[in-house]
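Annotation comment: Swiss-Prot describes 27-47, 76-96, 97-117, 137-157, 171-191, 202-222, 226-246, 248-268, 271-291, 292-312, 340-360 as transmembrane segment, evidence class sequence analysis.
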Amino acid sequence: MLYDLIQHHGSAHVTVLNLFRYITFRAGAACLTALAISLLLGNPLIAQLRRIQREGQPIRALGPERHILEKAGTPTMGGVLILAALFGSTLLWADLTDGYVWAVLLTTLSFGAVGFADDYLKLSRRNTAGVSKRMRLGCEFAASLVGGYWMQSLMPADLANHLAFPFLKEWLLPLGFAFPLFAMITITGFGNAVNFTDGLDGLAIVPVIIAALVFGLISYLVGNHVFADYLQLHAVPGTGELCVFCSALVGAGLGFLWFNAPPAAVFMGDTGSLSLGGALGAIAVAVKHELVLCIVGGLFVVETLSVIIQVFWFRRTGRRVFLMAPLHHHFEKKGWQEPKIVIRFWIVSIVLGLCGLATLKLR
């Protein structure tokens, strides 16, 4: 918004206003703005959620026993705070004429709406059964398919239907008409992967922040022909503005972590986890680094695989591979304390983020 106002009404002779033309300046401002919004709205919103929800998020009876004692009464739907900060900051600092920004914003909002409906039904019914799996996946598939097709229409023709591989600078796999389906699987998959990971205080939000930092840099590089050519990346004009979105996501995530750090004052709920995962998937599709997201977001991938393996093996043999799935609950059952699990998973995410950055140079 500010960028568009200055572009159309600002004076080229005012040096300070020229700062708004730089993505790096607006990205930094977006991060700080989102952080400020989160910190300012956090306490009032949490107080309001406590008044409305009273008993807090329903706790799964089959989950770790201590969750019933320690987490009962904690309000959920904290994802509303993340989305408010993310959208407010992005709309303020991003170039709103950029199609990629709108495609990612609306995909994020759509996943957030599905998560909000799921949280609302869980609270109103006072159990952990929200929107039916079929309805939930149907809505996610529809939103991600539209988002994927939208972003495909914005891409250069020589990239639009192709899949790029990390470490390989030249080779592209042509997907043809299947690309929107691939985008749908990527976005929906990561939406649910973050949802699976969000089971302990602070566990999901820090890996999301790390992924947003990495993809903020990637979007800046692939959106700039000079940097893309130097690093031998596939340039995607227009995606540089997603750096502003990613920076806003970092700020919103840090602000939420202020209240979600153990012991959490609020949970993000499906409102937050689905929207954040959907956002990461959409950004990866836009910048043609979907497989790099599997590296950077490897923690989310492993958590999801633990659920798939557990369900498949139990249905096949009647036995469990893990003490409990997702994986973080397995370690809880083994006797690890929650802070140890969370911090060690954060360390893994940092290492995976660095590995993702390494793919930009090792080509």
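Every residue gets a Cβ built from N, Cα and C, even glycine.
Three or more CB pairs closer than 8 A are found between the transmembrane segment (137-157) and the transmembrane segment (226-246), so contact between the two stretches is assigned (pairs 6 or more residues apart).
Within its own chain, the transmembrane segment (226-246) has Cβ neighbours under 8 Å at 23-24, 26-27, 30, 86, 90, 93-95, 98-101, 104-105, 154-156, 159, 164, 169, 172, 212-213, 215-217, 219-220, 279, 283, 286-288, 360-361, 363, counting only residues six or more beyond its boundaries. Under the criterion of 3 or more C-beta pairs below 8 Å, with sequence separation of 6 or more, the transmembrane segment (76-96) and the transmembrane segment (27-47) qualify as touching. When the stretches 97-117, 202-222, 292-312 are ranked by Cβ pairs under 8 Å to the transmembrane segment (248-268), first place goes to 202-222.
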